[in-house]
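Over in TrEMBL, the protein carries these features:
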ACT_SITE  K36  active site, proton acceptor
ACT_SITE  Y275  active site, proton acceptor
BINDING   R135, M323  substrate binding site
DOMAIN    254-382  domain 'Alanine racemase C-terminal'
MOD_RES   K36  N6-(pyridoxal phosphate)lysine
Amino acid sequence: MFHSSYIEISKSALQNNINFLKQQVGPNVTFSSVIKGNAYGHGIEVFGPLAQACGIDHFSVFSADEAQRLQDALPRPATIMIMGYIDNPELEWAIEHDIEFFVFEPDRLIEAAKAAAKIGKPARVHIELETGMNRTGFSPSELDHLKTILLKYSQHLVLQGLCTHFAGAESFQNHERVMAQQQSFEAQRKALEESGLVPKQTHTACSAAMMGYQDTHMDMVRVGIMQYGFWPSPEVYSQYVSRQKNRTDPLQRLINWKSRIMSLKQVPQGEFVGYGSSFQAPRDMVMAVVPVGYAWGYSRSLSNQGQVLIQGHQAGVVGIVNMNVMMVDVTDIPNVQKDDEVVLLGKQGSQSISVASFSELSSQLNYELLTRLPLNIPRVVVA
Ligand SMILES: *Cc1c(COP(=O)(O)O)cnc(C)c1O
């Protein structure tokens, strides 16, 4: 093992999560696995084939480069849909490779039709509608223009999907806004259908919308965070468990991020540990040096805050997290040894370290911390 840490990805946890999530929508709704942000840090090349082995045949990515990485990694064909970034030079490549993509501007739609005409194969487009997030999407005022283009180029464009994205379905605070978005979507859908423009699929739901708003399921759900065993917010979790008899979390985390103790150090009472003076030993102590630092995504903000697991015990980060190493307090762990396994994230024995417990500041932290796990940490599939 050349690397100072590695990330285990659990197949049985993923299968458990996918089974649970598919149950939420039933057999008639397509389940699209969202793998943007390097599969939320899990690694596209590892997660894609694993998800396929667990029964997934539809994937959503953010950009053309992610679509390419995924397609190269998958052993069997699957539908791949780009939800965000694709530029004109990539259009022909996408159409050639059966990649579907969101379109949210008239110019791109025309370019897609032209690229399709050029290579003699229709483009499968998902028209994204603006319904109130104000990020991407055709606005209602552009609807007539959109209709004109779709009808004019109908030979080269397959209206594969009609879609939108909710601005914060994970919080009750946004309830009115989500409802307004749904209404706007329905109104625009109707207007298009009255002109004979009927999409093959309509889809709007992310994880939070899928759990909280049944009406948003339509033909397909686009599920990211929950596949990986994390809830979009504590609100969505408590709303779900409060309706269950056993009140246990049905999801399992896939990730275990592990390293080993590189060295042990006796530190006498009164000495400072590491750079500067942020930690002074209040007693004679034993420190373990762990070869992971902020260069591998272990945030510097966890200095004197983070917890790791060694021999099934919690051990606190001491002093400043360095670029490549950090120190943890193992004074109270009997028989601690050099080379002992260190769990930075995930389970060891009966204990676990969750991303959110790194800091309870914000539920969005799960998304951010996961996706910051660098590409160069090896990912290993475990049962
Ligand atoms: C990220 C994303 C999703 C999935 O969101 P989760 O909260 O991770 O389920 C769905 N749709 C779009 C457009 C997205 O960008």
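For all residues, glycine too, the Cβ spot is worked out from N, Cα and C.
Note: TrEMBL annotation is automatic and uncurated.
On a predicted model such as this, the values are computed, not experimentally measured, just so you know.
Comparing the recorded positions K36, R135 by how many other C-beta atoms lie within 10 angstroms of each C-beta, the top residue is K36.
Looking at Y275 (active site, proton acceptor) and M323 (substrate binding site), their Cα atoms lie 11 Å from each other.
A 10 Å cutoff on Cβ-Cβ distances gives M323 (substrate binding site) a total of 10 other Cβ atoms nearby, all chains included. Using a 10 Å radius centred on the Cβ of Y275 (active site, proton acceptor) and all shown protein chains, the other Cβ atoms total 12.
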